[in-house]
Amino acid sequence: MMMLSKSLLSAATAASALAAVLQPVPRASSFVTISGTQFNIDGKVGYFAGTNCYWCSFLTNHADVDSTFSHISSSGLKVVRVWGFNDVNTQPSPGQIWFQKLSATGSTINTGADGLQTLDYVVQSAEQHNLKLIIPFVNNWSDYGGINAYVNAFGGNATTWYTNTAAQTQYRKYVQAVVSRYANSTAIFAWELGNEPRCNGCSTDVIVQWATSVSQYVKSLDSNHLVTLGDEGLGLSTGDGAYPYTYGEGTDFAKNVQIKSLDFGTFHLYPDSWGTNYTWGNGWIQTHAAACLAAGKPCVFEEYGAQQNPCTNEAPWQTTSLTTRGMGGDMFWQWGDTFANGAQSNSDPYTVWYNSSNWQCLVKNHVDAINGGTTTPPPVSSTTTTSSRTSSTPPPPGGSCSPLYGQCGGSGYTGPTCCAQGTCIYSNYWYSQCLNT
């Protein structure tokens, strides 16, 4: 997800005796491999369903990790995406989790109890609960540090980060530290170069060259696991010309998925932030599946969410993904859970809470459909339901007006009711959005 509230999770209450006793029995596990445009997970080739749980990496109570993973696994989900980064520039207060402190005078990778040892337990628990993890190394956004923390330490900006020698040297040191800890763990589904990498206004060659070099480096460290980019799928010539299909954010999905040292493609979908309607997402899935099919690799629909009527609007995306050649799996944003002490996990408007009606629709029903069950997701509504921040139709290709709050791809746009071509007066940095002025 692009932007999350910044919060470092503090310690929770101790585990109950019952939770300590009820330990799952892990099945025989193996490294994930690829078979055509699908994945082989522990000897079974097919389509998988998964979720995102970025906050799982920062839980200090092991019982909370175990209960969350128990709920995810028992729901039939196979893969969980967790953050593998937590970058800071100054020493946090005691008890707060941080993985890396970045400084031009000497950076520190935290392997202590308030550092990578918390991620150690996440990997251990995933092994126990028969789950696989996708772990990104850096965030494009400033949540949990991200590229901005590197910029604070080594200078430059978010676009020069990809070619900044000092920043890239430290990034690779961190990659090596993380990969070396888990290179032999069958709980790792894939290493991810970053969460939603962008290079606004850059040639798409910048990210292609960076992704090629870094993915080759990761492969040199670990030949057991898959590697992927972690991009949103922005930049694709086969779409309708709406903002997400354009190349202003410096990414070219078709080029990226063709990189030999990347094993599969990823893409995300957020109509509420992109100025598109919900049904538009079905075509977005199909065009990316076609690009992956052309590359001979699987696509993973890695993040998606709808702020309004999630069951009605997201279930058709799941059906489209499941039934489209080239798709290997999907992972909704994001999992929500309640811990033994009654506290709830971090959440946002897209959260699907365990045991909720949306969980029944988007998790249990979807898993049943994958496993050949008879559960039928709700049909696409005959009338398009959109957020108040969403246009009823995608922005017209090459037009002079994009919907209010629709992303304008970094170009100069302004206007009281829509993004009209001109000079940008107020832009939302996080989502490249044209806002009301």
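Glycine is no exception: its Cβ is also placed from the backbone N, Cα and C atoms.
When you go through N140, N355 in Swiss-Prot, the residue listed as N-linked glycosylation site is N355.
If you go by Swiss-Prot, C311 shares a disulfide bond with C361, out of C292, C361, C401. In the structure shown, across all protein chains, N277 is the one of the glycosylation sites N157, N184, N277 with the greatest number of other Cβ atoms within 10 Å. Of all the recorded positions listed here (E196, E303, N355), it is N355 whose C-beta has the fewest other C-beta atoms within 10 angstroms.
The shortest Cα-Cα distance from E303 (active site, nucleophile) to any of the recorded positions (N157, N184, E196, N277, N355) is found for E196. Here E196 (active site, proton donor/acceptor) is compared against the glycosylation sites N157, N184, N277, N355, and the shortest C-alpha distance is to N157. Taking the C-alpha positions, the distance from N184 (N-linked glycosylation site) to N277 (N-linked glycosylation site) comes to 43 Å.
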